[in-house]
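Quick notes on the structure that follows.
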Amino acid sequence: MESLFPAPFWEVLYGSHFQGNLSLLNETVPHHLLLNASHSAFLPLGLKVTIVGLYLAVCIGGLLGNCLVMYVILRHTKMKTATNIYIFNLALADTLVLLTLPFQGTDILLGFWPFGNALCKTVIAIDYYNMFTSTFTLTAMSVDRYVAICHPIRALDVRTSSKAQAVNVAIWALASVVGVPVAIMGSAQVEDEEIECLVEIPAPQDYWGPVFAICIFLFSFIIPVLIISVCYSLMIRRLRGVRLLSGSREKDRNLRRITRLVLVVVAVFVGCWTPVQVFVLVQGLGVQPGSETAVAILRFCTALGYVNSCLNPILYAFLDENFKACFRKFCCASALHREMQVSDRVRSIAKDVGLGCKTSETVPRPA
């Protein structure tokens, strides 16, 4: 079994279960089209190692970046704005899913799931939670930007950090509508003499599979993207229609800067997720990736979804002056702390050497 991310509706369009979070396992198509441990010819070892290496690089870089983002927001009071509260939620979801990459990478290399039932359920649930919390959070950020740009008076009451926190809680609650059931249905089972981490679709599978697939596709991607598109269309019309959104040029620049940041984050998200969504639609039309090239492309498109989780901190550093200043302050403080530690260590060694020299000078030589 080789678990894939991030489209759990891939297999359920056709069959009884999927493995991990995205799989080609399917009981209704010819067996030679299936992607599992018994068909490792689809992916050579070198390609598997390349994909797993990409996973590990994304995992390490993404964890460092997202943890730094969360630290900066928690550490600095001025960073606790409504937009940054949503960014914190996005970083939290990305951090959780990045923690699953070592397990999924091991699964890809070995061709089976070696971590047991409990961890299988956990990884599956985190994949789904990340999928929904990310899209819902980006949607909330876009609506938040729309209110700030198009309804500045109402924004004074609506756009508060406490209300943003409440929205984040609601986002996780909504994601639980899918996350909890798939965690219950997920299990490590023996399939084709290999242990696989999979989700069993309830019977009748011919009915619930497509229903589940369509709902996931609509609510995790299409509807959020449509809402985001409407919000930004209205914002662009507003921004073109007025020279100043507020009475202050400085405040106006900040509004436009933050709006641009959110737009870029959304655009990168859609760009990273669209390829695998296209694969899902292609399979939905009955086309199965039956060649090594098709499977390899699918793997890298899946990895691209993970790459998105480590790109956001980089975007914040380049596009937001406040994040850039906080990141620079953190890095400089860390470097200064290391220099002080080295300096203290050098002084301590010098002191010890000096005491040793004094002692040797005062000890009388034997006659």
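Here the Cβ of each residue, glycine as well, is placed from N, Cα and C on the backbone.
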Review point. According to Swiss-Prot, which residue among CYS197, CYS215, CYS231 is joined to CYS120 by a disulfide bond?
Key: CYS197
Check your understanding: Per the topological domain annotation in Swiss-Prot, are VAL72 and ARG328 located on the same side of the membrane?
Key -> yes
Point to revise | Stretch contact, the transmembrane segment (209-233) with the transmembrane segment (85-106), Cβ-Cβ under 8 Å, 3+ pairs | key: no
Revision key, fill the gap. Across the topological domain 'Extracellular' (186-208), DSSP yields 4 helix, 13 strand, 6 coil
Study note, to complete from the structure: Once DSSP output is merged into helix, strand and coil, ASP127 (site 'Important for G protein-mediated signaling') belongs to helix
Study note, to complete from the structure: Rounded Cα distance, in Å, between ASP127 (site 'Important for G protein-mediated signaling') and ASP107 (site 'Important for G protein-mediated signaling') is 15
Practice item. Output the single range from 46-71, 85-106, 122-143, 163-185, 262-282 maximising the number of Cβ pairs under 8 Å to the transmembrane segment (298-319). Key: 46-71
